[in-house]
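According to Swiss-Prot:
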BINDING   Arg47  O2 binding site
BINDING   His51, Glu57, His96  Fe cation 1 binding site
BINDING   Glu57, Arg100, Glu110  substrate binding site
BINDING   Cys125, Cys128, Cys162, Cys165  Fe cation 2 binding site
Amino acid sequence: MSKTLQSFNLLKWIDENKELLKPPVNNKVIWQDSEFIAMILGGPNRRRDFHVDPSDEFFYQIKGECYVECITEEGKREVVTVKEGDVFMLPAMVPHSPHRVANTYGLVIERKRNQGELEDFVWFCDECNHEMHRVRVQLSDIEKQVKEAIHSFNSNKEIRACKNCGHIMPEEVEEWKCE
């Protein structure tokens with residue numbers, strides 16, 4: 001969409017663009033020429049990385065539920081359930097892994113990054129929670145770079161092997177289930 005002074009029906013836009021919402025992330029940026037990254041994310045996504053974003057992230061769950069798994073300051077995993085119609089503001093620098101199940105849609109808004117402002121994608125062992133791998137990027141294309149980071153991790157058995165407990169994370173990610 002171009003920068004125009006015109007509204008549009010977001011649900012219609014989602015319906016017309018849902019074929020673009022593909023795993024592992026299932027995201028599509030709405031406007032390319034904005035100072036914000038406003039994107040629709042659909043489910044099911046297939047990711048297990050934790051994103052450490054230098055800016056706040058605003059979540060609005062349009063359809064179904066989204067589960068945002070966060071790492072607390074104490075290093076514990078905590079899941080925030082964002083129900084249909086709910087909003088959630090995730091503070092900057094909180095490691096988080098958004099999980100979406102089938103037939104769900106949400107809007108996420110974050111700001112574009114300043115030059116030199118870096119962020120991380122981090123993988124933790126499913127068995128012992130040890131940090132296994134970290135990728136630091138200057139984010140310029142969220143649709144492309146997140147997928148590349150996930151693919152790089154999933155395709156490399158050496159970095160999927162936990163150096164702490166020996167557990168090997170599977171290459172293929174199952175649809176996330178809230179426990």
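Every residue, even glycine, has its Cβ placed from backbone N, Cα and C.
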- binding-site residues Arg47, Glu57, His96, Arg100 vs Cys162 (Fe cation 2 binding site), shortest C-alpha separation belongs to Arg47
- Message: When DSSP is mapped onto helix/strand/coil, what comes out for Cys128 (Fe cation 2 binding site)?
- Response: coil
- Cβ neighbour count (10 Å, all chains) around Glu57 (Fe cation 1 binding site) is 20
- Item | 8 Å Cβ shell about His51, Glu57, His96 centroid, Fe cation 1 site members excluded | Phe50, Val52, Asp53, Val68, Leu90, Val94, Pro95, Ser97, Pro98
- Message: Can you give me the Cα-Cα distance between Cys128 (Fe cation 2 binding site) and Arg47 (O2 binding site) in Å, rounded to a whole number?
- Response: 18
- Task: For His51 (Fe cation 1 binding site), write down the residues of its own chain that are at least 6 apart in sequence and whose Cβ falls under 8 Å from its Cβ; none is a fine answer.
- Result: Pro95, His96, Ser97, Pro98, Glu119, Asp120, Phe121, Val146
- Note on the structure: Check: min Cα-Cα distance from Cys165 (Fe cation 2 binding site) over binding-site residues Arg47, Glu57, Arg100, Glu110 goes to Arg47
- Message: I'm trying to understand the geometry here, so how far is the Cα atom of Glu110 (substrate binding site) from the Cα atom of Glu57 (Fe cation 1 binding site), in Å to the nearest whole number?
- Response: 5
- Task: Have a look at the binding-site residues (Cys128, Cys162) and report the one with the fewest Cβ neighbours inside 10 Å.
- Result: Cys128
- Excluding Cys125, Cys128, Cys162, Cys165, which residues of the same chain place their Cβ within 8 Å of the centroid of the Cβ atoms of the recorded Fe cation 2 site? Asp126, Glu127, Asn129, His130, Met132, Lys163, Asn164, Gly166, His167
- Message: Can you give me the same-chain residues 6 or more apart in sequence from Arg47 (O2 binding site) with a CB-CB distance under 8 Å?
- Response: Pro23, Pro24, Val25, Ser97, Pro98, His99, Val146, Ile150, Val173
- Message: Give me the CA-CA distance between Glu57 (Fe cation 1 binding site) and Arg100 (substrate binding site), in Å, as a whole number.
- Response: 16
- List the residues of the same chain that sit at least 6 positions away from Cys125 (Fe cation 2 binding site) in sequence and have their Cβ under 8 Å from its Cβ, in sequence order, or write 'none'. Glu131, Met132, Cys162, Asn164, Cys165, His167, Met169
- Note on the structure: DSSP says Glu57 (Fe cation 1 binding site), in three-state terms, is strand
